[in-house]
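Q: Residues or ranges marked as domain 'MacB-like periplasmic core' in TrEMBL: B:19-227. Among the features that TrEMBL reports, domain 'ABC3 transporter permease C-terminal' is placed at B:266-387, B:712-829. Summarising the annotation, TrEMBL assigns transmembrane segment to B:16-36, B:262-288, B:309-338, B:350-375, B:408-427, B:433-453, B:487-506, B:704-733, B:754-779, B:799-818.
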Amino acid sequence: MTSETLPLTDYAVSARGLTKSYGHDSTRVQALRSVDVAFARSRFTAIMGPSGSGKSTLMHCLAGLDTADAGQIMIGGKDLMSMNDDELTMMRREQIGFVFQSFNLVPTINAKDNILLPLSLAGKRHDRDWFNTVIEALGLRDRLNHKPHELSGGQQQRVAVARALLTRPEVVFGDEPTGNLDSRTGAEVLSLMRTSTREMGQTIIMVTHDPAAASYADTVLLMKDGQLVGSIEEPTVASVTEALASLAE
Amino acid sequence: MLHVALANIKTYARRYIAVILAVAIGTAFLAATLAVNTSTRATLKNSLGDSYKNADLVAFPDWSMASSEGEESKDLSMSNLDDVRKLNGVSTAYAIAYSAGEVHTADNGYTVLTSPVSAEQNLGGMELVEGRAPLRANEVLIDDSHAKDMNVSVGDTISLNSQDTAAKNYTVVGLQRSSTDPQISGYALLGMQEGAWTKFAGKDFVPSSIVVNASGNIDAVQNELKTYFTDQKLKNISVLTADEKVIKDVAALTDGSDQLTMVLLVFALIALVVTGLVVVNTFNVVIAQRTRELALLRTLGAKRKQIRSSVLIEALLIGILASVAGVALAVGLMAGLIKLLHIYVPSMSYATLALSPIGLVIPVIVGILMTVIAASLPARRAMKLAPLAALRPFDSASVKNRAGKLRIIFGLLLTLGGAALLGYGAYKGELPIAFVGGLFSFPGILMLASLFVPSSVYGIGKLVAGRSVAGKLAALNAVRNPGRTTATATALLIGVTLVSMIMVGGQTAKATLNNSIAGEYPVDVTVSLFDQKADPAKTEKLAKEISNIQGVEQSTTFRSATAVIDDPGSSEDAGLQLMAVDPQGFEKVALDPSIVPADGEVVMVSGYLKPGTKTMTLGGETLKVKESKASLYTDIVTFDTLKTLKTVDANSGFMGVLVKVDPKLDSAAIGKLVDQIVETAGVERYMVDGGVVQNAMFSQIIDVLLTIVSALLAVAVLIALIGVANTLSLSVLERTRENSLLRALGLKKKQLRAMLAQEAVLIGGVAALLGLVLGVAYGLLGAQATLSGMGDMSYDIPWLQLAIVLVVSIVAALIASITPGRRASKLSPVEGLAAE
């Protein structure tokens, strides 16, 4: 990534000097060591690394779910580090979408209401055309009136993807989005995510430890010990596996 | 957020059943209290208004309209009635006046109230049930219910007299409906022809009011009347419409029922506080279970305020549902009670169910507010959830509750300050000070509950568990969430503390009164035959008959006499009332041996004697004085001594029987014994007196009060027990994974149920135990503060009743664990682990 050549604001998401540690004194863990990173618009990026490498912490900080100790985070030209809780909430509501490993749908309401939840929290009406586009793209037309427990895992995750896409956010974060799916439905969801980048211009940042999942991305960033240690453009399963193996040394 | 809240309530309806029940009961209590108040008023209005039922206007002396400048106020008179009848627009007018008289039938005599009745003047407000109005001077009406009692029917002749008029015979020509006006009901009513009544009662008899029916415009007639009374210089006569007069009378009579309402409101408040604790607990658990979901909403862009309002909306909906149900329950209950009253007590047919809109709306509002306010604490906690919590795969459900420092400090101040006041008030016998002390210290202790409740539960749990795994787990689980355990236990503790306080206080009051009353009387029971001339043989026979009654240990006779003290220093002759007894017999019944006289001696109370008095000349004889510290109403001599004295009432003195009863008898048995004595002696009840009788009476009053108060507090205890069941069943839901893991690892279904039962018993039992300790302390101190002015305190703790409270709490907690236990044990080990 060429963070030196472009000002930070030209990226969908970028961070500079991001530092984060947990615990005190002897139990202190340095999760992020002055990370500089930038994610171009309309790209699908995967962040990989062994457990404890800081990839999840990086994503939580970038998404405004966790606060970094120091550094700067810009999303859509706004600095997250200077925001209070309400401003962060508005940011999440309007500029950020989430897809989680365990789907995280509200169990008591149906698929349609789950998809519309971020908009109804904001008290906004949805764009009917865009809603239909997203629903058709994800093949959810027949499932809108089902409660989450009446849906398969793949369907639940597609509902979660639809929920993330509906607000046309600056960026969608995926936290092991296929971790709870079998490989076939996982592949289905990942293709849908890639399609949304290609056809809808959606920026996606995904944390995963599965090389097969990472191979759907445009770029793979590699992390170790709280630092970015490399990247792979146009990754394949083989190239990612190889790169991971070299990290583990 | 409304649709999320609604969906939550729909999905988790079962989790809210208990809390809805608790809120509904609390609200129902409040609504019933207010309905009792309005119904009492309506019933009174119905019965008081009986006198003015068909009237338009009432003229009556209103003493609040003080006559100005010391002008002499004039009373109404029957001549005013004649004038009023001549006024324009007055169609009929009659006086409400009741003059006492005595009626003698062939068998018996009765006190009656006579009133004027005129056939032309609306029958004087009376309603004929049978026969006709009295037209001649020797004709009367009698009210139907007393006619039955007197065994008099239409056509019979009765004799009527008053203090001033000689007996005369009258013919009963009709029956009038008996009045429900509480001011006169209970008396036999006699309606007389108006002229005859005026002669009977006297021309100057002052009627209590003049009632008018208008033929024209009521306002115009009212003005006409006002002008007339002003012209007559009757300035303090007020003229109101019948409705206005009834409202005025009700207001004057309902002071007492308002006090009843206040007392009931206090109990309703206690029930509501307990309900509030149940609500707090429920929402705490519900929110703990929904941590992930709420955090997810935060991640998706819900503001903190939105999370809080979603919880509060749920509370609001539950509050509305439960409060409306509670008020409906109260109304149904009251309607049922009044219906029963109508069926089983026909004389109360005027009892009316009255519901004021305010009385219905207030409980609903209070119920809703209470639910929302109680839920606002858990809602604040929910608001503080970090969005990140949604991303943790499995959030452990354990919630740490740190008791706020501020709460501890405040609680400590209240407890210490309150305890100091309570102690001081008890020591000095100042009830108001002690009361304020209790009012401060109890909430203070409740604030500190989080300091001692969980550790007591854990400590006792470990002690009881021994080596059983289920027991150990139960002890650990019971304090797994100290805040929740504290709130659950506190709800029960409040009820148990108050119940046991009342029990201990009541018992101590009984014992203390027993003690102080016993000191006031020389013997257990005195039967005084005031109405008969002294007859030694007959009295002797009666004493023997009484001693045959079961429960009577000894009996002896006495004779009352009055002798003159020969005091050379005094110009007037002072009479001294004496009781003469047989010393051998008296020794056996006397409660204090120092009051038994020997021949030639007079027993006198030391307090009334000049110090150093050795002898006294009585009725011409000089007697040795025997001082006694016991309190006596009369001085005591022997029969033989009495014979030597000149007495004032040698021919008119009465005799009686002194009785000693079995000290083991309780108050109910003594009540029965007194009934038997009354029957055996053929005397009126007031002629039987004595310490034991007084004790039995006080004990019965205290017992009735205790029963009522305990029943009222039982509502609070019931709600608290619903809370125990609630907490437990929510905990079971929360621990689904863990319980199935235990099952997978080899815990038997039975053991799982036992574990839950033990957890419930631990919380319920420890709460009850702590409540009992507090209740005993408050009860003793409260009784000391109230009664220490009455003399020596006798502390008495009703161990049996307190043990029953403990057992009931434990058994109820056990019952509360049945449903949750069943649900937990239904779960198959695999199912539970699969559920997320």
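The backbone N, Cα and C atoms fix where each Cβ goes, glycine too.
I would like each feature placed in context: is it buried or exposed, what are its neighbours, and how far apart are things?
A: Within the model, the domain 'MacB-like periplasmic core' (B:19-227) shows a mean pLDDT value of 83, rounded to a whole number.
Packing against the transmembrane segment (B:262-288) from elsewhere in the chain are residues 12, 15-16, 18-19, 22-23, 25-27, 29-30, 33, 36, 294, 311, 315, 366, 370-371, 373-375, 377-379, 381-382, 397, 399, 481, 483-484, 487-488, 490-491, 494-495, 498, 709, 712-713, 715-716, 719-720, 722-723, 726-727, 730-731, 734: each is 6 or more residues past its ends and has a CB under 8 Å from a CB in it.
Same-chain residues lying 6+ beyond the ends of the transmembrane segment (B:350-375) with a Cβ under 8 Å from its Cβ atoms: 23-24, 26-28, 30-31, 34-35, 37-39, 41-43, 45-47, 50, 180, 272, 275-277, 279-280, 283, 311-312, 314-316, 318-320, 322-324, 326-327, 330-331, 334-335, 338, 341-342.
Residues 270, 273-274, 277-278, 280-281, 284, 442, 446, 449, 453, 457, 702-703, 705-706, 709-710, 713-714, 716-717, 719-721, 723-724, 727, 763-764, 766-768, 770-772, 774-776, 778-780, 782-783, 786, 797-798, 801-802, 805, 809 of the same chain sit 6 or more residues outside the transmembrane segment (B:487-506) yet have a Cβ under 8 Å from a Cβ within it.
Non-local neighbours of the transmembrane segment (B:754-779) in the same chain are 422, 438, 442, 445, 452-453, 456-457, 460-461, 464-465, 470-471, 473-475, 477-478, 485, 488-505, 507-508, 720-721, 724-725, 727-728, 731-732, 747, 797, 802, 805-806, 809-810, 812-814, 816-817, 820-821, 824; each lies 6+ residues outside the stretch with a CB under 8 Å from one of its CB atoms.
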Q: When each of B:16-36, B:309-338, B:408-427, B:433-453, B:799-818 is checked against the transmembrane segment (B:704-733) for Cβ pairs under 8 Å, which one has the most?
A: B:16-36
Q: Provide the three-state DSSP residue tally for the domain 'ABC3 transporter permease C-terminal' (B:712-829): helix first, then strand, then coil.
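A: Tallying H, G and I as helix, E and B as strand, the rest coil: 102 helix, 0 strand, 16 coil.
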Q: Under an 8 Å Cβ to Cβ limit, what residues of the same chain, 6 or more beyond the ends of the transmembrane segment (B:309-338), are close to it?
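A: 1-2, 4-6, 8-9, 16, 19-32, 35-36, 39, 279, 283, 287, 297, 302, 351-353, 355, 360, 363-372, 374-376, 378-379, 382.
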Q: Restricting to the same chain and to residues at least six past its boundaries, which positions have a Cβ under 8 Å from a Cβ of the transmembrane segment (B:799-818)?
A: 492, 496, 499-500, 503-504, 507, 717, 721-722, 724-725, 728, 753, 756-757, 759-761, 763-765, 767-769, 772, 775-776
